[in-house]
Amino acid sequence: MFKHLRPVWAEIDLDKLVYNMQQIKNICKGREIIAVVKADAYGHGALDIAPILLENGATRLAVAVLNEAIELRRGGIDAPIMVLGFTPDSLIETSLKYNIEQTVYSYEIAKEISEVAVKSNRVAKIHIALDTGMGRIGFLPDKESIDKIYKLSKLPNIQIEGIFSHFASADEQDKTYTKLQFNKFLWVCNSLEERGIDIKIRHIANSAAIIDMPELHLEGVRPGIIMYGYYPSSEVNKGKLDLKPVMSLKTTIVHIKNMEKGKYISYGREFKTEKESIIATLPVGYADGYSRSLYDKGGKIILKEQLAPLVGRICMDQCMIDVSHIEDVKIGDEVILMGENKGIKMTAEEIGNLLGTINYEVTCMISKRVPRVYIRDGNIVGIRNYV
């Protein structure tokens, strides 16, 4: 399809991304949308995805680590960007240089940021992280933490921009624990307000809470997987939000051969033809993020609006499929590894179910040696080659 690329690519449909953002805007009713673009926008390509999100309702961006934020700044993104995770002391000055908002979950971290900010004559914008029941980073919801947060709020050159927490099980049908977390979060926010601490944005609603619990939206929400067209679990109310998967993973057939009955295919000789078969080779493997486990789990691809099974172990750079039941298969025919075609589906959802994992992991697995091809109105509007 693209003469200047290897015949494996991730196709990113920007029209579907815009559609998903419109759905999110409709359900969030004017809240600040903090678009989560960590892990290279869940594998979709943060540099190309972020501008579209900002044009279509996102007011802020969130990443996991500082280098992701710096990449966006160097790419011309000037919207507020927060780092959700840990940043080493040695990188605080760099963070301030790029005007990145840092997460703070101890007085000591805030003090270090303050000292660097004073020396560099900058104001450090921070977000206070609370551990309301996830067991990760964050101040615990107790009086001691209130005192520490109050104390750090008085540090020079520190500006508290927001306060946030993360739900452990908002994607489950039983919302009891989520409500417990939310109540702890509100208790801390209210306690800080009573101490005179002004916080601009409270944000705790993730993708699942955005869908199921509008009362938890507060000033800001943090959509992640739903922007990319997938639901956080099968237990959320899918009727509240219509989503379209944004990414497809595609390749082309590079070799076809007839194989007699009783011939082995791939490493370990695990697959043996039970009859005369037509076997096609695809130039994609686990180094591209196409999991080696898919063969053992009954993985299939889409070819000519039909499913074809993977045969033999998936190699690092190649895999094989049985196309005996499909007519007129030729070298160069397009194959959908992840996606759908006229109702035939093998999306990240189906692949995740086969692998016993989640759709998040499937899209994030697609490696950097797979070019991202951006489509709008059916036309290619951009290609990002990482290697």
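Glycine too: its Cβ is placed from the backbone N, Cα and C atoms.
Now, the feature entries from Swiss-Prot:
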type     : residues   : note
MOD_RES  : K38        : N6-(pyridoxal phosphate)lysine
ACT_SITE : K38        : active site, proton acceptor
BINDING  : R136, M316 : substrate binding site
ACT_SITE : Y267       : active site, proton acceptor
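Locations of recorded Swiss-Prot features on the structure.
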residue: K38; record: N6-(pyridoxal phosphate)lysine; Cβ contacts under 8 Å, 6 or more apart: A62, V63, A64, V65, E68, L84, G224
residue: R136; record: substrate binding site; Cβ contacts under 8 Å, 6 or more apart: H166
residue: Y267; record: active site, proton acceptor; Cβ contacts under 8 Å, 6 or more apart: G312, R313, C315
residue: M316; record: substrate binding site; Cβ contacts under 8 Å, 6 or more apart: G285, Y286, A287
In three-state DSSP terms, the structure that K38 (N6-(pyridoxal phosphate)lysine) belongs to: helix
DSSP state at Y267 (active site, proton acceptor), helix/strand/coil: helix
Assigned conformation of M316 (substrate binding site) - DSSP reduced to three states: coil
